[in-house]
Structure formats: C-alpha cells, structure tokens
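A.B. asks: Okay, here's the structure, questions in a sec.
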There are 2 protein chains.
Amino acid sequence: MSATVEETTELAPRLPADNLRRAVRIGICGLGTVGSGTVNVMARNGEEIAARCGRPVEIVQVGARRDNAACDTSKLNVTREIFDVADNPDVDILVELIGGTTVARELVLAAINNGKHIVTANKALIAEHGNELFAAAAEKGVTIAYEAAVAGGIPIIKSLREGLVGNRIQWLAGIINGTGNYILTEMRDKGRSFAEALAQAQELGYAEADPTFDVEGIDAAHKLVIMASLAFAMPLAFDKVYTEGISGVSSEDIRYADELGYRIKHLGIARRTEHGVELRVHPTLIPQRRLIANVNGVMNAVLVNGDAVGPTLYYGAGAGAEATASAVIADIVDVARTLEAKPDQRVPAAGVAEGSQAGPQVLPMDEVVTSYYLRISAHDKPGVMSQVAKICSDQGISIEALIQHEPAEGEALVPVVILTSRAKEARLREAVAQIEALDTVEGEVVRIRVETLG
Amino acid sequence: MSATVEETTELAPRLPADNLRRAVRIGICGLGTVGSGTVNVMARNGEEIAARCGRPVEIVQVGARRDNAACDTSKLNVTREIFDVADNPDVDILVELIGGTTVARELVLAAINNGKHIVTANKALIAEHGNELFAAAAEKGVTIAYEAAVAGGIPIIKSLREGLVGNRIQWLAGIINGTGNYILTEMRDKGRSFAEALAQAQELGYAEADPTFDVEGIDAAHKLVIMASLAFAMPLAFDKVYTEGISGVSSEDIRYADELGYRIKHLGIARRTEHGVELRVHPTLIPQRRLIANVNGVMNAVLVNGDAVGPTLYYGAGAGAEATASAVIADIVDVARTLEAKPDQRVPAAGVAEGSQAGPQVLPMDEVVTSYYLRISAHDKPGVMSQVAKICSDQGISIEALIQHEPAEGEALVPVVILTSRAKEARLREAVAQIEALDTVEGEVVRIRVETLG
C-alpha cells in the first residue's frame with residue numbers, strides 16, 4: 001500500500017478492476033421507509049461500500065407489495081411475492097424490512113431453511129422470536145444480523161457484542177425511543193403538556209396515530225431486551241421486562257425535577273445484580289450534568305458501563321430512512337465479508353458461542369433497588385411531613401431532598417416533593433400506599449424512579 | 001438455544017465443556033500500564049471472554065524488560081527478550097504494548113514476518129508507520145488490529161471501519177487527548193491559568209513531566225490521522241496534519257467564549273472537501289448546546305457525521321490501564337475468531353480492500369474555510385472598530401458577533417472580541433496581519449477557530 005500512495009488520485013475508494021471476489025447477492029423484502037432508504041444509500045454509495053466490503057454488493061431481487069416513490073426501482077428485479085425472495089437460489093442474504101412478527105417470522109424461517117443469511121431491522125421479531133430464530137440459523141450454519149433493530153444508525157449492537165467484549169458489562173441505560181424523547185423534550189423546553197407535545201409529534205410524523213407502542217414503552221422494551229441479551233449473554237426475555245410509559249409524566253414534575261438538578265427521560269435500563277438482571281423501562285430522573293441527560297429531541301443514546309472500560313456512550317439518530325439503512329448496510333457488509341467463512345468464524349448472533357449463554361434470571365421488579373421522586377398533594381396542615389417521614393422511615397427509606405412551596409393563592413393543597421434514599425421497590429410501594437391512605441393527603445402519589453448513572 | 005433457556009442457571013456465560021476449538025495463543029510484549037491492565041482483565045473476565053470468543057484465549061508468553069507490581073505474572077511465562085515473543089512458534093497473536101516507534105516497528109515487522117497477527121495500542125506506530133506495516137501484513141496474510149490506539153476503550157475504530165461502512169463520512173471531530181481536555185475543563189470550571197491547570201494535571205498523573213506531546217497536539221494528531229484514514233479510506237498521512245496546541249489558550253478567552261455561548265475544546269478535525277481532506281488539530285470554539293461541548297475532564301469523545309446516518313457520537317475513557325485493555329481484548333477476540341479464516345474474510349486493517357484506497361490529497365491549511373474568534377487589544381479611541389471592519393471586509397470576511405466592554409479602571413487598552421463569518425485561512429491570516437499593524441492595536445491578535453459541528 002505504501003508503494004501506491006503517490007500514484008492514487010481518486011478522492012473516493014474504489015474496488016480495483018482486478019478484484020476477483022464474486023458479488024454478494026442481496027434480496028430485500030419490504031420497500032417502506034427503511035427499505036427505500038437502503039436501496040437509495042446502496043445506489044449512492046455503492047462503489048465505496050464495495051471497496052470497504054472487498055467485493056461488489058448487488059441487489060438481485062426486491063420483494064414488495066407495492067412500489068415506493070421514495071426510491072427508484074426501475075432497474076431492480078421487483079416481485080410482489082415476498083416469499084419468492086426467500087426461495088430465490090441467487091440470493092445470499094435476505095434483508096427483512098417488512099416489520100411485524102407473523103409474516104416476518106415465517107419469511108425469515110423460510111430463508112434460513114434455504115440456507116440464506118438474514119439481515120433485519122425488526123426489533124419486535126428479534127425481541128419476541130430471536131431465541132427461536134437464532135437456534136434455527138445456528139442449525140443451518142447461517143447468521144442473523146440485527147444492528148438496525150436497536151437505536152437506528154448507532155452501532156450499539158456491534159459495540160456491545162464486539163467492541164466491549166473484554167468487559168463484564170455492569171449496566172446499560174438508553175434513550176431508545178425517539179418519539180418519547182421528543183415529547184419529553186418539548187414538555188421541558190416549551191412547558192407543554194403531554195397531550196400537546198404528543199399532538200405536535202403526531203403532526204411532525206414522529207408519532208403514529210395510535211402512539212401506544214412508543215409512549216407506553218413497548219418499543220423501548222423490545223430494544224432493551226435485545227441489548228440486555230448481548231450485554232449479559234443471556235437469552236432474550238421480552239416477557240420479563242417491566243414497562244411503564246410516559247403518559248403520566250406532567251410538566252409540573254419536569255419543573256420540579258429541574259429545580260432539583262435532574263432531567264426526566266424515558267430510559268430502558270438493564271443491570272446485572274447478584275440475584276438476576278434488572279430489565280425495566282420507565283420515566284427516570286437523571287442528574288442534569290450527565291451527558292445522556294442532554295440528549296434531546298428525537299435523538300437516541302445508550303450509556304453502557306463495563307467493568308474495564310467504565311462508562312461509554314453512543315449517540316445518534318434512532319430512526320429515519322437513511323440512518324436505519326446505515327445499520328442495515330453495515331450488517332450486509334459484515335455478512336458479505338464472511339459469506340464463505342465457517343460459522344464459528346462469524347460473530348455469533350447471540351453474542352456468545354452456542355451453548356454458552358448465561359441463565360435467564362430476571363430480577364422481579366419488587367426486588368429492584370433504586371431511589372424515587374415522590375410528589376404528594378397534601379393539605380396545608382402541620383404534621384403532614386412528620387407523618388410522611390415516619391412512614392418512609394418505618395420502611396427503611398430516608399428522605400434525601402425535599403421541596404415544599406407555599407400553597408398557591410386560594411389553594412388548600414400543597415405539592416410536597418421528595419427524593420428518597422435507595423430502597424427496594426416493594427418497600428417503596430408499601431410506603432406510598434400508606435402515604436395515600438393519610439387523611440392529610442389527597443389523590444395518588446406521583447412516583448418516578450431516580451438513577452444517578454454514576 | 002431456545003430449548004436450553006430453562007435449563008441454564010449460570011449467571012455468567014461459559015464456554016461449554018464440549019467446545020472443540022483450540023485455544024488462541026497470545027504473546028504480550030510490554031508490561032506497562034496497558035500491558036498489566038490487559039493481563040488483569042483477561043484473568044478476571046477470562047471465562048466470559050472465552051464464551052464470547054467461542055474458544056479459550058491463553059497468554060502463552062509475556063515479553064517485558066521488568067515486572068510490574070500492578071499485575072501477577074507468577075503463573076505466566078515471562079521473558080526479558082521481547083523478540084523471543086515474535087519468534088515463538090506457539091504465539092498466534094503478538095500484542096505490542098511497548099510503545100515508541102523504533103523497537104516497536106522492528107518487533108511488529110519481525111512478528112508479521114513470522115506469520116503472526118498483530119494487536120497494538122501504539123498510536124504513534126500506526127500513524128507514522130501504518131502504511132508500511134499494513135502492506136507487510138497484507139503480504140503475509142495476517143492482520144493488524146489497533147482499536148486501542150485511538151480514544152482508549154471507546155470502540156471508535158470499529159465504528160468507523162464497520163459500523164458506519166454504509167456511509168460516505170463527511171467529517172469527524174474529536175476530543176482525543178484526555179490531558180488537554182482535563183486542563184481546559186479546569187481552566188473553565190475553576191478560572192485557573194493554563195500553567196496552574198497543567199501543574200494540577202501533572203500532580204494527578206494525567207500529564208507527563210514533559211507535557212509537549214499532549215498539550216501541543218502531537219498525540220491528538222496521531223489519533224486523528226488514524227481515524228481519518230478509516231473515515232476517508234485514504235493512506236495514513238501524519239506528516240500532513242496541521243497541529244496547534246492549547247498552551248496559548250487563556251482563561252480570558254474561555255470566559256469570552258462562554259459569554260458568546262461557546263466552549264473551547266482541543267479538537268482533532270478531519271473533513272472531506274471537494275479539493276482534499278482537511279486534517280487539523282487546534283483549540284476550537286464549539287456551541288455550548290452540542291453534546292461534545294459538554295465532554296469534560298479526562299474523558300474523550302468523537303463526533304462522526306455520515307451522509308446516511310447523520311451525526312453520531314462516541315464517548316468514554318480515552319486512557320487508563322483497563323479502559324485501554326478493553327480495546328486490546330476486543331481486538332484479540334476479533335482476530336481470534338477469524339484466526340483460521342482467509343485474509344479477505346477479515347476486516348482489512350486499512351478499512352478497505354487492498355488497492356482500493358482513495359488518494360492522499362490533504363487540503364493545505366491555507367485553503368481551509370472556517371470561522372474565527374479574534375481577540376484584539378485596542379486603544380480606547382474612536383475609529384478602531386471601523387478600521388478593523390474595513391480590513392475584514394476587504395478580505396471578504398464579515399463580523400458576526402462582537403463583544404466590547406468598557407476598559408477596566410486605569411487600563412488604556414480594551415479587549416475587542418469578534419466572531420467572523422466563514423473565510424479561507426489565508427484571507428484571515430492576511431486580515432490579522434493588517435489588524436496587528438494598526439497603530440491603535442497592541443500586540444498580537446488572539447485567533448481561535450470556530451466550528452458549529454452542525
């Protein structure tokens with residue numbers, strides 16, 4: 001290479017004309033946002049991708065029920081029968097971009113059965129059926145790559161599975177749903193209510209007409225179990241994630257959090273403990289000084305703490321046509337490079353060699369230990385605070401910070417805001433039930449978990 | 001795998017007893033900070049690393065001129081002759097952790113010549129001799145891995161070379177020297193002078209007795225060219241990096257930057273332009289709202305902008321025994337996994353297949369276009385500003401923001417702070433020379449480049 005330094009004048013890399021490796025042949029199923037983005041980026045950056053891959057990458061077939069004006073398919077071989085792609089003997093890698101978990105599962109299983117490698121952006125498919133699919137792929141000696149399933153274009157799967165492989169990962173915490181982060185950012189920056197911010201997100205196309213999947217944390221839970229399975233080398237355990245959405249977060253709580261030096265983010269958290277792995281998605285107060293507290297709008301970020309490396313953070317676009325295509329193409333190149341290699345020369349789909357996974361112990365939510373933000377609506381009478389403090393103390397919980405303002409003009413109720421010490425979830429729930437039962441307290445106590453991420 | 005979910009009770013992954021792949025045999029040269037960190041992490045996390053790697057990883061020899069109390073070598077085969085490791089027929093991978101560019105180069109070449117793969121944490125070696133070493137390795141069909149050479153434990157090499165492979169990368173900007181970032185952070189947070197902050201860094205062991213390498217940007221330049229070579233698929237061009245240190249940054253400039261909404265960071269910047277690649281290391285004003293502006297202390301971060309993925313950021317510890325060991329081990333596992341694979345099935349050391357690199361065009365610094373922060377010491381007389389504005393205007397430079405305070409009690413000189421429009425470096429230098437020649441201006445004009453990183 002050193003000999004050719006002065007001879008090359010190309011500004012972009014290019015596969016040499018005498019390259020002998022045959023093209024890797026891709027079949028893409030699905031021409032929605034990600035599918036069209038993938039077709040466009042591969043067309044635009046094709047030469048550079050081939051140079052990096054060491055061989056040409058060709059789209060030999062596209063399976064899609066309809067065309068998409070966002071990409072030009074006039075030069076592509078398009079079929080309306082997506083299962084044709086799984087059966088096409090010319091296809092080396094099937095790229096599953098149709099979404100959903102029923103047809104997608106069948107399609108992927110059919111392709112695996114035909115000896116094809118799989119690249120997918122489908123978080124629900126991997127989170128819910130990954131254990132089955134990985135086993136089927138291992139049996140056939142093919143691989144399943146799913147970088148695009150988590151946090152869009154951020155190479156977090158690769159980082160967890162390869163980049164941090166020397167570490168015992170202790171915990172990770174991620175802002176892994178852009179819609180939810182956009183809503184919380186708008187609520188904080190513009191003082192909007194949840195409903196107003198959601199409507200705004202829907203208008204901008206960031207949120208679906210039915211936003212449940214995003215705002216209630218199901219999408220984040222899918223991504224969290226995928227990351228946790230790699231971080232802790234355990235099977236995917238989607239049904240064991242504790243999930244709490246952001247629809248109950250009020251702009252009042254965001255203001256109080258600010259006052260205490262915190263931001264409220266919707267986090268997916270996975271933590272290794274002696275008794276099992278915590279898997280939880282919920283609104284969380286985090287100190288403003290943490291980098292991840294300053295990740296705003298639709299952007300995603302994942303903070304990973306390894307025993308050797310310490311904290312590392314990965315930030316970028318968590319969705320979007322080309323950001324997700326970036327991850328799909330990275331997977332295609334990984335698979336293409338090792339197409340003819342032996343199965344054990346590839347990075348295993350589950351992150352560890354077969355038969356090596358750790359147990360699936362997930363810590364029940366009652367056993368999780370963390371701190372809490374509590375907002376209590378109390379009558380402005382003497383003695384309320386001592387009652388609350390006594391209840392907490394009886395459960396082994398101490399009060400670390402407190403905000404109590406004067407009642408607003410003409411208001412009988414005052415909000416009392418508390419930050420607690422670390423306590424078991426079950427203890428906290430008991431304390432909250434007792435506080436709610438007090439005569440001097442009205443309605444439900446707002447409870448948001450607090451993580452220092454330090 | 002799904003079949004064994006309920007049967008496994010291990011909390012950590014473990015290679016199954018019936019694993020048939022032979023151990024990969026490591027020879028480590030150098031037992032300094034990183035060497036001892038690597039030995040310690042491999043001992044502590046050995047079982048998990050083997051499970052992830054799919055085969056045992058054994059340290060079969062260590063070459064070190066002396067022992068290091070930081071790690072236990074009593075069970076290791078230690079030689080005082082490091083070249084023994086390069087000649088040891090039992091060694092598959094030589095891990096070069098001795099540093100420097102003379103003996104290290106000979107050692108690596110000797111090992112390559114003996115058909116061994118190389119893992120190195122040596123940024124100077126790769127930046128200055130990488131082109132030669134990669135060519136030698138390609139000829140022998142072995143690989144050179146160097147994740148630990150840039151930004152410690154952050155998997156930035158892997159992200160650039162594999163994770164973002166679908167992108168045409170447009171630019172990257174990194175805080176890639178922890179010592180310099182610690183000094184600038186101390187200067188801002190505590191109002192310290194450069195000299196005071198440097199002394200503090202030396203006391204804490206963050207800076208060497210001779211800090212030139214860190215504070216003058218040579219270390220950052222090494223890391224920058226390595227990242228640029230991967231981002232733009234071009235040969236390593238260390239001799240073409242423009243380098244400016246932070247010893248000229250004053251706490252006064254940090255305060256003015258704050259007032260304007262900026263932070264001063266020592267950045268390594270590489271940018272693709274139509275006329276060549278910019279390669280430059282210098283103090284830089286960046287908007288406070290950018291995530292990277294809030295990376296403080298000894299931490300590192302790299303912001304990478306790809307045409308498909310948009311901006312992504314990678315953050316973590318840029319140095320330290322175990323953080324760097326994390327990267328060394330990730331490389332070992334990568335190489336171990338593909339030990340028996342064909343050379344073209346591995347990720348190429350230079351990031352592209354041989355013969356595919358782009359030209360080495362580096363844009364001369366005079367041609368670089370950016371904005372500037374200027375601080376002028378002017379006599380408090382009418383007309384100064386119109387003279388300065390006229391000079392800038394004649395060079396096609398406009399003034400975007402200005403700070404001019406009252407002169408301090410008893411001071412004849414007032415500081416005038418200007419943010420300029422984007423301009424070619426050559427034009428700006430000409431303008432500065434003319435401003436310095438004005439009768440109404442005293443001394444040198446302070447000039448710091450400004451990047452929006454948007």
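Placement of Cβ uses the backbone N, Cα and C atoms for every residue, glycine included.
I grabbed these lines from TrEMBL:
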type	residues	note
ACT_SITE	A:Lys223	active site, proton donor
BINDING	A:Cys29, A:Gly30, A:Leu31, A:Gly32, A:Thr33, A:Val34, A:Gly35, A:Ser36	NADP(+) binding site
BINDING	A:Lys123	NADPH binding site
BINDING	A:Glu208	L-homoserine binding site
DOMAIN	A:373-450	domain 'ACT'
A.B. asks: Compile a sequence-ordered list of residues in the same chain as A:Lys223 (active site, proton donor), six or more apart from it, whose Cβ lies below 8 A from its Cβ; state 'none' when nothing qualifies.
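C.D. replies: Listed in sequence order, they are A:Lys123, A:Ala127, A:Ala149, A:Val150, A:Ala151, A:Gly174, A:Ile176, A:Asn177, A:Gly268.
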A.B. asks: Would you mind checking how many other C-beta atoms are within 10 angstroms of the C-beta on A:Ser36 (NADP(+) binding site)?
C.D. replies: 25
A.B. asks: With DSSP as the yardstick, break the domain 'ACT' (A:373-450) down into helix, strand and coil residue counts.
C.D. replies: 23 helix, 33 strand, 22 coil
A.B. asks: Neighbours of the NADP(+) site A:Cys29, A:Gly30, A:Leu31, A:Gly32, A:Thr33, A:Val34, A:Gly35, A:Ser36: Cβ within 8 Å of the Cβ centroid, same chain, sequence order.
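C.D. replies: Same chain, not in A:Cys29, A:Gly30, A:Leu31, A:Gly32, A:Thr33, A:Val34, A:Gly35, A:Ser36, Cβ within 8 Å: A:Ile28, A:Gly37, A:Thr38, A:Ala64, A:Asn68, A:Leu97, A:Ile98.
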A.B. asks: Across all the protein chains here, work out how many other Cβ atoms are within 10 Å of the Cβ of A:Thr33 (NADP(+) binding site).
C.D. replies: 19
A.B. asks: Under 8 Å Cβ to Cβ from A:Val34 (NADP(+) binding site), same chain, six or more residues apart: give me those in sequence order, or none if nothing qualifies.
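C.D. replies: Residues satisfying the criterion: A:Leu97, A:Ala121, A:Ala148, A:Ala321, A:Thr324, A:Ala325, A:Val328.
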A.B. asks: To the nearest whole angstrom, what is the C-alpha distance linking A:Ser36 (NADP(+) binding site) and A:Glu208 (L-homoserine binding site)?
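C.D. replies: About 20 Å separates the two Cα atoms.
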A.B. asks: Provide the number of Cβ atoms within 10 Å of the Cβ of A:Leu31 (NADP(+) binding site), excluding the reference atom itself.
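C.D. replies: That number is 25.
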A.B. asks: Between A:Gly30 (NADP(+) binding site) and A:Glu208 (L-homoserine binding site), what C-alpha distance do you get in Å?
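C.D. replies: On Cα coordinates alone, these residues lie 19 Å apart.
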A.B. asks: Along the domain 'ACT' (A:373-450), what average pLDDT does this model show?
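C.D. replies: Result for the domain 'ACT' (A:373-450): average pLDDT 94.
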A.B. asks: Quick one: Cα separation, A:Gly35 (NADP(+) binding site) versus A:Glu208 (L-homoserine binding site), in Å?
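C.D. replies: Cα-Cα, rounded: 19 Å.
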A.B. asks: For each of the binding-site residues (A:Gly32, A:Gly35), count the other CB atoms lying within 10 A of its CB, then report the residue with the highest count.
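C.D. replies: Result of the Cβ crowding comparison: A:Gly35.
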A.B. asks: From the Cα of A:Glu208 (L-homoserine binding site) across to the Cα of A:Gly32 (NADP(+) binding site), what is the distance in angstrom?
C.D. replies: 15
A.B. asks: According to DSSP, does A:Lys123 (NADPH binding site) sit in a helix, a strand, or coil?
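C.D. replies: Once the DSSP labels are grouped into three classes, A:Lys123 (NADPH binding site) ends up as helix.
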